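Engineer: In case it helps, Swiss-Prot gives these features for our protein:
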- Lys212: N6-acetyllysine (MOD_RES)
- Lys256: N6-acetyllysine (MOD_RES)
- 1-20: region 'Disordered' (REGION)
- 113-179: region 'GP domain' (REGION)
- 157-332: region 'Disordered' (REGION)
- 460-498: repeat 'WD 1' (REPEAT)
- 506-545: repeat 'WD 2' (REPEAT)
- 550-589: repeat 'WD 3' (REPEAT)
- 592-631: repeat 'WD 4' (REPEAT)
- 633-672: repeat 'WD 5' (REPEAT)
- 674-713: repeat 'WD 6' (REPEAT)
- 715-748: repeat 'WD 7' (REPEAT)
Amino acid sequence: MIRDLSKMYRRRAHPAPHQPAQPFKFTISESCDRIKEEFQFLQAQYHSLKLECEKLASEKTEMQRHYVMYYEMSYGLNIEMHKQAEIVKRLNAICAQVIPCLSQEQQQLQAQHLLTWTWSACASDTTPLGFSQPFHPSGSSAGLLALSSALGGQSHLPIKDEKKHHDNDHQRDRDSIKSSSVSPSASFRGSEKHRNSTDYSSESKKQKTEEKEIAARYDSDGEKSDDNLVVDVSNEDPSSPRGSPAHSPRENGLDKTRLLKKDAPISPASVASSSSTPSSKSKELSLNEKSTTPVSKSNTPTPRTDAPTPGSNSTPGLRPVPGKPPGVDPLASSLRTPMAVPCPYPTPFGIVPHAGMNGELTSPGAAYAGLHNISPQMSAAAAAAAAAAAYGRSPVVGFDPHHHMRVPAIPPNLTGIPGGKPAYSFHVSADGQMQPVPFPPDALIGPGIPRHARQINTLNHGEVVCAVTISNPTRHVYTGGKGCVKVWDITDPGNKSPVSQLDCLNRDNYIRSCRLLPDGRTLIVGGEASTLSIWDLAAPTPRIKAELTSSAPACYALAISPDSKVCFSCCSDGNIAVWDLHNQTLVRQFQGHTDGASCIDISNDGTKLWTGGLDNTVRSWDLREGRQLQQHDFTSQIFSLGYCPTGEWLAVGMENSNVEVLHVTKPDKYQLHLHESCVLSLKFAHCGKWFVRPGKDNLLNAWRTPYGASIFQSKESSSVLSCDISADDKYIVTGSGDKKATVYEVIY
């Protein structure tokens, strides 16, 4: 533009002699106008280019979206091709067995027909995608595998095992081509007989094994509840009580060895909790009617067909783990992708990886972390993993592969308090700010604070112990298992047999909760049945004096009012039933939970009730007015809760292994992250200064109220499912998955 101006000035200067100042001023003004016009033109051009750039950016985004969509389709087709290839191989093997039984003429005729069909099938399958494969006697399987390899190569998903598998298939097919040049029928018979003697025999054995596993896994809970309740302890440590933590109360940290520990995968057939899924054959609990998968949401549950059912004191039930359909297992190696790492813990009671204090996971399942804040480069791989589950993986029904990712991420700046160990207790303010808790000097010392717990007795119940309770004064322990409650006298450590056995419910139904009235003369029992049994313990021989029948197929937890006049039962349909114990009638139902009500506790003055449910909510109820007071929404199912006797704090145990201690009148709360599994039960000491929390990780932990300093920890040989504390806070009883209850003496 400057050169143009100089030319303009030169052209105007030479034709005529220089005039007075007026023409010169006119030239400058004209030049300024021209500059202004050119600037406006450039500005308009810039604006146009900017709009075009934005349009291209939006088109790029749209193309990326289409790419991901087509990637999913391609990957799904790839998996479908693998499935079809496997079907073809098996059909070929069957034909190879059947054809030799025919006459010679029929053998040749059928072999020719089979070859024709194989060629046409191969051509029709590969042509639409632009792939052409040479003719093979077993060309369908080879062509399909080659197509799968090509598709996989485009998506960068096949791994070394797949390539090796493909190479072996191609080599075998090339060998079959050479033999086919002599006699198609003879080569077909020879190659298929050879395959029959090797591949088909192994495939048939594998298929039979899979069918047996499926039959065993899909058997009804009513018939297989024993198997479903066996806890896999083959890779767990033996029982060894632990003393107080070595770190000082101000450290608020974990041992590094505990953070670095990796839990061995448990068998899908093994289950962690005593509270099995209620018998689908006879009960049809709300477990199967309207359960929810706890996802990151506040209050809208997502229906599913097999959520866990909680047990006594929020002891969760178990989700049956179906086997893989026949024909899918041989494809497993072909379907593995870097993003589709199989989770070794298929049920909500699998040991949940403990979140590091900066949000990372310390288990093999951590590969799923990238799926939650996934980069654009990995979006296609995530879509491929989703497609794998949709098309070929046949994932476990209701399986939530990200259940361990629901642990709230902890910001990197909250990794710990000075001292070098990561924090496990955090204070969450009203505005959501998380800060590690500096424990006070008296966190682990002082009146009413125990030093450790010593195991003094083992009660061999013989069945998985889902519910326990201690009498007041401390003399008898009641353990609830399968179809009965056993009564133990713990004042005589040498007595290894129960003093009585109370048969209730049906023989195959598990007791989920048992509660003693304050006078110790009446026991109320509930579980996987629609009836509650009321036992008269004061009679010469304990007997059932009444039964309360509700419309719900199961009761998960019980609470008794302080005046012993009213019983509250958590029903599998989400309702809270209120029973008049004197008249033995149903007087009211609190309705609010959209899924099974799993746990319950009542205030000391008997005016307020707290309930937790599988709908990810905790609700409080005014017992005088019969209405709901508050609702707290969480991102995980609620398995247990406890109301502090002092009346200020409510502790909530969740499926995602967190414990949250809420203030009942203020928005402040504490989050505790020390455990590595779902919180199956929770109980406050009667002094209110500490509470215990057993779990699937075989640990019994004692915490300081409310900030959660770890007081002591005891290791058991199996999952700890239920617990109770004596009225004098001197004894703790736990029920576990290895068919026993353990009595601890609390040492102060």
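Positions of Cβ are set from backbone N, Cα and C atoms, glycine also.
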Engineer: Please count the residues of the repeat 'WD 2' (506-545) that DSSP assigns to helix (H, G, I), strand (E, B) and coil.
Structural biologist: 0 helix, 22 strand, 18 coil
Engineer: Can you tell me how the residues of the repeat 'WD 4' (592-631) break down into helix, strand and coil by DSSP?
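Structural biologist: Taking the repeat 'WD 4' (592-631) as a whole: 0 helix, 23 strand, 17 coil.
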Engineer: Among the recorded stretches 506-545, 550-589, 633-672, 715-748, which has the greatest number of Cβ pairs closer than 8 Å to the repeat 'WD 1' (460-498)?
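Structural biologist: Looking only at 506-545, 550-589, 633-672, 715-748, the most contacts with the repeat 'WD 1' (460-498) come from 715-748.
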Engineer: On average, what pLDDT score does this prediction assign to the repeat 'WD 4' (592-631)?
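Structural biologist: Over the repeat 'WD 4' (592-631), the predicted model scores a mean pLDDT of 92.
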